[in-house]
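Trainee: Mind looking over this structure? Questions follow.
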């Protein structure tokens, strides 16, 4: 495998070209990219956990250090001012020397407010990208050049196309997440609580709760019907029926986002439904290719959901086509088939049709779909279908012309299991689709 250093060198060359093109298009001289700052809890001296600006970590794998600055002009070596205070109260990261530092000029910044004296004197044509606009104004950046929409749209659009360095980082994140999922399944099988399963996951991935790319969803039994369940009960339920784990990992700032669902018993209807959702998810991925709209795959999976609802006699006496047409599949899979993945879990530009930011919204019938792009080589996406038994979504169907088609007795029997979601992370290539998750043998 090519070394991370050589992949990073090519990655920086790609980012430099994107920067050159964006600066030329929007008539700017350079971009000043801010890692961010710590923000204190209201009426307290304790800060929220630091989350780095994703446009900053696109350039350098520095994810834990506030008050850093990057100056890029697309021509000269990117210049990184790395925050290096004298501080005996807090941990101070040393000046980095790593695989990437040959391609970036790294300069120590001893004081957070010292950046002003180090920047070029003429700043009227510098764009600022970061979370603290008032800091940019203090530095003399023109208000119109603070987070300029055109520049950000341009950079976001091309972030959809991962470099080989980015794909290498994402494959490493997959390995970490897969280790976590295996540890979590073992913890579930041994009867642990959601809280303790989460600890097992974090231990296996080497993450803290604040390091994972999103809050882990560790859902036992009916909690699996809450799409973003993050409560973490300390007590294990008296009866273990099901376990849905939606949890990822991060490597050099790049995310993995995986979901698996397990049945406590292997001989019930729910266990068979888990197997069938898994099989249909793999079958859909096998059909994926460049040049097709992501929306099409979402619609196709609703057809697959209809097939499963019919097979398991959850919906009866209705064709699969009629189920989809009348949206009887909707309450069972209320979210989209997936989303772009990268520096952010719900990565940017899912609706962007070109580098000018042209927006194509999700279909009115499926408003929660997070991507309407035509698939192209270099894109990374999640494929995460599910079937859930959510009373608030099912309740409107208990009356009306379609109520008779719902097998309410079967639905009531499945509700204590919550739901099912199976999620893999895939890379679109010219002639194939790479399933990074299954390549690591995560069943």
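Using N, Cα and C of the backbone, Cβ positions are placed for all residues, glycine too.
Straight out of Swiss-Prot:
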{"type": "BINDING", "residues": "246, 257, 423", "note": "Mn(2+) 2 binding site"}
{"type": "BINDING", "residues": "257, 339, 384, 423", "note": "Mn(2+) 1 binding site"}
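How buried are the listed features, and what sits near them?
Mentor: Reduced to three states, the DSSP call for residue 257 (Mn(2+) 2 binding site) is strand.
In sequence order, 246, 257, 258, 259, 260, 338, 382, 383, 384, 437 are the residues near residue 423 (Mn(2+) 2 binding site), counting only same-chain partners six or more apart with C-beta under 8 A.
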Trainee: For residue 339 (Mn(2+) 1 binding site), what is the secondary structure state per DSSP, taken as helix, strand or coil?
Mentor: coil
Trainee: Taking the mean position of the Cβ atoms of 257, 339, 384, 423 as the Mn(2+) 1 site, which residues outside that list, in the same chain, have a Cβ no more than 8 Å away, listed in sequence order?
Mentor: 246, 258, 259, 338, 341, 382, 383, 424, 425
Trainee: Using DSSP with the three-state reduction, classify residue 384 (Mn(2+) 1 binding site) as helix, strand or coil.
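Mentor: DSSP assigns residue 384 (Mn(2+) 1 binding site) to coil.
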Trainee: Looking at the binding-site residues 246, 384, which one has the fewest other Cβ atoms within 10 Å of its own Cβ?
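Mentor: Checked 246, 384; of these binding-site residues, fewest Cβ neighbours within 10 Å: 384.
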Trainee: Sort out for me which one of 257, 339 has the most neighbouring CB atoms within 10 A, since those are the binding-site residues we care about.
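Mentor: Most Cβ neighbours within 10 Å: 257.
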Trainee: According to DSSP, folded down to helix, strand and coil, what is residue 246 (Mn(2+) 2 binding site)?
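Mentor: The residue in question, residue 246 (Mn(2+) 2 binding site), is strand (DSSP, three-state).
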